[in-house]
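What follows is one structure encoded as structure tokens, with my remarks underneath.
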Amino acid sequence: MVKGTTSMGGFTRKHVHIRCRRCGKNSYHKRHHRCSSCGFPDAKIRKYSWVKWYT
């Protein structure tokens, strides 16, 4: 068993986020079942004044 930086390379193989059905971005978290960009599957779209991509 190896501890430290070398063992962190094992985390790079898995895909945490997949493409979202609503916004199309690669932001849908597979385990949390929620899009970090638009908030899918919430009914209201995720929108904050400090986010610049939709202004």
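Here the Cβ of each residue, glycine as well, is placed from N, Cα and C on the backbone.
What Swiss-Prot records for this protein:
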ZN_FING   20-38  zinc finger
BINDING   C20, C23, C35, C38  Zn(2+) binding site
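A count of other CB atoms within 10 A of each Cβ picks out C35 as the most crowded of the binding-site residues C20, C23, C35. Cβ-based neighbour count (10 Å, all protein chains) for C38 (Zn(2+) binding site) stands at 21. Sitting within 8 Å of the Cβ centre of C20, C23, C35, C38, and not among those site residues for Zn(2+), are the Cβ atoms of R21, R22, G24, K25, S27, Y28, S36, S37, G39, F40, R46.
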